[in-house]
Amino acid sequence: MESGAGITNDRFAEVLKHSSCLGQFRNGSNPWMARYVYGLIFLFSNLLAWAARDYGRGASVKMEKVNVCAGKSDCSGAEGVLRVSLGCFIFYIIMFLTTVAFFQIYGEIAHFGAGVFLLIQLISVIGFIRWLNDCCQSEKNAERCHIHAMLIATTSYVVCIIGVILMYIWYTPESSCLLNIFFITWTLVLLQLMTSVSLHPKVNAGLLTPGLMGLYVVFLCWCAIRSEPAGESCNRKAEASRRTDWLTIISFIVALLAIVVATFSTGIDSQCFQFRKAEKKDEDDVPYGYGFFHFVFATGAMYFAMLLIGWNTHHIIQKWTIDVGWTSAWVRIVNEWLAVCVYLWMVVAPIILKFRLAAEPV
């Protein structure tokens, strides 16, 4: 067998030696083809870098908006070369990493990146809720939005109560389902806590913000229990949905679209992470940060990977399922508790900081 393999390798080397370059390129299974393609990509990158250096000065006006010139003029040529070089470097370093069993390491890193995405997302959601409440409580819109705010707040609380009742009915069929009972009951306690803190005279945040936050935490609790694996006696909904039907496929597609929408909306919401008001921008400026936008999408890529594998690199996922497993359930629950903590801190922090400033000696 060894001699036969040696003869085969010798014949293959002989064919490569005498065949033309064009013939080798046409042979898709030929290992030389990848080298030719990489060489052509490298040549194209060099030509593109040269064109960016000598003929890219006309883009200097647009490049200034990206703040890459650091106040210097006519720097687009050098920046263009560096950008092409960086893109070429990233491509080849990724190709290198795929050959050294990098994916297991990436899987561990993706856990952290997905957690960062969840944190950014919940801060964005809380920031939007507070912005909506501030708009309704402003002097300009107070009278016009008072009734609408009360209707939204009342509807939110009604939906929260109905959601809690339905979770008790669907996911606690037996008194032995202590974990689900704890999850749902604790969610109800957190809803009461947010309402009490928001209605405190010193906070005076109204009912709109805790009502909308209640919808968010109830939704997270529902997602957490839904993520429990099928076959559990306390999650008969998951057991009933194990067979693949059109409803399962549609739910899967909607979940994927929801991930894309959530990533996009979070990526353009860099204002919620600024501690001071941004200066007035020109009409042509993009109303979001380039760097923040790409960072959110990078962490979002890690997030949807964790959803598809159930936050477990060694977990076997069934077809047409997303975010299923005990790890996924606990991630959702921790995200719910963290959301409540962040909301309470964002509501109470101004009062605490104001009290500390007032207590400091002049």
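The backbone N, Cα and C atoms fix where each Cβ goes, and this holds for glycine too.
What TrEMBL records for this protein:
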- 36-53: transmembrane segment (TRANSMEM)
- 81-103: transmembrane segment (TRANSMEM)
- 110-129: transmembrane segment (TRANSMEM)
- 149-171: transmembrane segment (TRANSMEM)
- 178-199: transmembrane segment (TRANSMEM)
- 205-225: transmembrane segment (TRANSMEM)
- 246-268: transmembrane segment (TRANSMEM)
- 288-312: transmembrane segment (TRANSMEM)
- 333-353: transmembrane segment (TRANSMEM)
Let me check one thing: do the transmembrane segment (288-312) and the transmembrane segment (110-129) come into contact, meaning three or more Cβ pairs under 8 Å with sequence separation of at least 6? yes
What stretch in 81-103, 178-199, 205-225, 333-353 has the biggest tally of Cβ pairs under 8 Å against the transmembrane segment (36-53)? 81-103
Sequence-distant residues near the transmembrane segment (110-129) by C-beta distance (under 8 Å, 6 or more away from its ends) are 208-209, 212-213, 216, 262-263, 265-266, 269, 271-273, 296, 298-300, 302-303, 305-306, 311, 331, 335, 338-339, 342-343, 346
Taking a Cβ cut-off under 8 Å, which residues six or more beyond the ends of the transmembrane segment (333-353) line up next to it in the same chain? 118-119, 122-123, 125-126, 130, 183, 187, 190, 193-194, 197-198, 202-203, 205, 209, 213, 216-217, 220-221, 224
Using Cβ atoms and a strict cutoff of less than 8 Å, what residues sit near the transmembrane segment (149-171) while being 6 or more residues removed from its termini? 133, 136, 177, 180-181, 184, 187-188, 191, 206-208, 211-212, 214-215, 218-219, 221-222, 225, 234-237
